[in-house]
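J.: According to Swiss-Prot:
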DOMAIN    31-170  domain 'MPN'
COMPBIAS  309-334  compositional bias 'Basic and acidic residues'
REGION    309-369  region 'Disordered'
COMPBIAS  335-353  compositional bias 'Gly residues'
COMPBIAS  354-369  compositional bias 'Basic and acidic residues'
Amino acid sequence: MAVDQESFVHLSRPLAPNVLGFGVSNAPLTVNIQPQAVFSIIDHAVRRDDRDTQSTRVIGALVGVRSEDGSEVEVRSTFAIPHTENEDQVEVDVEYQKNMLALTLKANPRETLLGWYTTSHELNSFSALIQNFFASPETGTFPHPAVHLTIGTEAGATIDTKTYISAPVAVSPERAAESCLFIEVPHKLLFTDAERGALGSVAAAADAESRSAPVVSDIENLAQALETVSDLLERVSGFVGEVLDEERDGNHALGQYLMNALSLAPKVSNLAIENDFNNHIQDVLMVSYLANTIRTQIELSQRLATAKLDEGKEGGEKKDGEGAEGDKKTDGQRGQRGQGGKRGGRSGGAGGRGGREQREPREPREAAE
């Protein structure tokens, strides 16, 4: 009688090569991804040139920060890496990757290389080769494991993301460089309330024919947010009602999540909530009024400063013209005075000569006897 036996693969930790002096944490790895990194990857996929490569995917490097124990990483930015790929081989521009990484780390010294991304969910021997390159001590993230992010960029499809780390497997030394086992790790997208609003505006432009959406004011944005919350509450209420009426099966995880959310609600009366909401609205209106007043004052001061500069330039030009004319008149008067003085002096000299009285001739004296 044959006995069914299951096959197992034994993996030894750490996931990176064990070198004296370097230790890797055994804690589970969590990957956090910023929205700008996803947009950068999508932009790279849209702008790829199909004439230079037969590959339908693009690759690039992931840059971000890592926690002290190495159990959590945050992908903040990415940059593309040129590569060519066919059925037989794959070529990566290593020099370009080194130069771009040096420039990126120079601009953001606190960040570091985390791994690489691709726009295909397929994992093959080329993926293992690139993964080992980014995890190597010379050019990679050693002693920490390299993160591999795959993202779907098909037109009209949902953007699906997955993250992996790798572990070495027992293979021959000749194929060690192109062999590894990809292990999927949890990940999540991080975005703030401001980024959520920006993403909502971008999503609203997707359904418009002009592919553009106006930027709404704070009051309109608040009204839209309240409408969204009201719709979500109606959906949750309908779901709970259907579960209570046994029209659909319940979900224990969702029920626990709703219980936790309700427990976080403050235990205050409706009147107090309404008063707080009205106070918040007044604060928002006051901030908006002050912002508009400051903006108007800045524009007015700029216009006044510009007008004063223009008046100063015109006054300076007039003074320069009057000064030049005055200098010319002064020089002319000095010339006339000089000529008159010379003439007067000559006349005076002639008058001096003519003013002498002529002596009468003396009679000869008789000789004394």
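Cβ atoms are placed via backbone N, Cα and C, with glycine included.
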J.: For the domain 'MPN' (31-170), what are the DSSP-based totals of helix, strand and coil residues?
T.: 37 helix, 46 strand, 57 coil
J.: Determine the mean pLDDT over the domain 'MPN' (31-170), rounding to the nearest whole number.
T.: 83
